[in-house]
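To start, the structure itself, in structure tokens.
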Amino acid sequence: MKQESSFLAKLANGSLVLQILVGIIAGVSLASFSHEAAKQVAFLGSLFVGALKAIAPILVFILVASSIANQKKNTQTNMRPIVVLYLFGTFAAALTAVLLSMMFPTNLVLVAGVEGTSPPQGIGEVINTLLFKLVDNPVNALMTGNYIGILAWGVGLGLALHHASDSTKQVFADVSHGISQMVRFIIRLAPIGIFGLVAATFAETGFAAIAGYAKLLAVLLGAMAIIALIVNPLIVYVKIKRNPYPLVIRCLRESGVTAFFTRSSAANIPVNMALCEKLKLHEDTYSVSIPLGATINMGGAAITITVLTLAAAHTLGIQVDLLTALLLSVVAAVSACGASGVAGGSLLLIPLACSLFGISNDVAMQVVAVGFIIGVIQDAAETALNSSTDVIFTAAACEAAENKAKLG
């Protein structure tokens, strides 16, 4: 009995990743044993995701305002190289998806379109939505989780407080520290939350509905795996000139796993912030780059848009030449960066990409419906790739800047 309690104590105080793994196994086991019991624990997952989503907006706002207000003069934040990495990574993801889709063309079994959804009419509408999110009411931005608006107001307040008294700056620093402590507590509850999420997912879908889309999923997940395990490490190696895999694997393990099950980049912002702190990155940098990455670093979304659009074109017998495929890569990358400005995210940007090939809106919405069917896996993998890449690129840019400073 004493040995058993000792094992439980070790498990409770041990590795969070190990605890999450236990939660996943327990969730799958419960769903296999009893669907009804699994549905009863779904609220644990909802509570966990709800807590992360609730604290993320105020965390981003206070952390950004505090870090900018307390920033020392002549401090390098390395934001430009990080933004370049985000944009290049998203384009590389779209290009990889094009190549894989051409190597393994997929036919879709089109279903009825999704009711009550209205995709944007063009890239102009996506950009217009993003611009208006930028000047959203700050209280509304915090309430609705509009991270573009939160970032804008956080940066504005931080700049305004830059010349404030030291005591005012210290208040913001203390509040920021307090919220970070709350985030650490919520993250410790991840195994319980993921147990509920996994149990509910297996109980509700059983993954039988998505078995018919195995080839499409193989292309989607294959492209995401290539980006996560080959392209991203290659980009990181170019930046830091050393073996990138320890960093990449750690980010996939500590950020990607949580993001996979929460299926929310916003909910994973506190997890990424905590990981950046563990990696000893500059707070002035990651407090801005992580929420910005959750908004514009959308490699997974670019893959989803590209693969489903080319699958639709192949199903309809439309020949896609190399130039059009390259144009699709650009459109998918730009659209993906605006995915946070569209209700429904990457899936509702598919009609925009389909319009390149003259595919009607009715057919495009049927493709969106296919996306919703495979969404349990597609959305989870997409979020895991997007969110873990935020930390990978931030860490790579910070290390590259440190190496340059040492040499200089």
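All residue numbers here begin at 1 and follow the chain in the order shown.
Each residue, glycine too, has its Cβ placed from N, Cα and C.
Swiss-Prot has this to say about the protein:
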TRANSMEM  11-31  transmembrane segment
TRANSMEM  43-63  transmembrane segment
TRANSMEM  82-102  transmembrane segment
TRANSMEM  141-161  transmembrane segment
TRANSMEM  192-212  transmembrane segment
TRANSMEM  216-236  transmembrane segment
TRANSMEM  298-318  transmembrane segment
TRANSMEM  339-359  transmembrane segment
TRANSMEM  363-383  transmembrane segment
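Counting Cβ pairs under 8 Å to the transmembrane segment (216-236), the top-ranked stretch among 43-63, 82-102, 141-161, 298-318, 363-383 is 82-102. Tertiary neighbourhood of the transmembrane segment (43-63): same-chain residues 141-143, 145, 147, 150-151, 153-154, 157, 172, 175-176, 179-180, 182-183, 186, 189-190, 192-200, 261-262, 264, 266-271, 273, 283, 287, 291, selected by CB-CB distance under 8 Å and a gap of 6+ residues from either end. Counting residues 6+ beyond its ends, the transmembrane segment (141-161) has Cβ neighbours under 8 Å at 53, 56-58, 60-69, 71, 130, 133-135, 168-169, 172, 266, 269, 288, 291-292, 294-295, 340-341 in the same chain.
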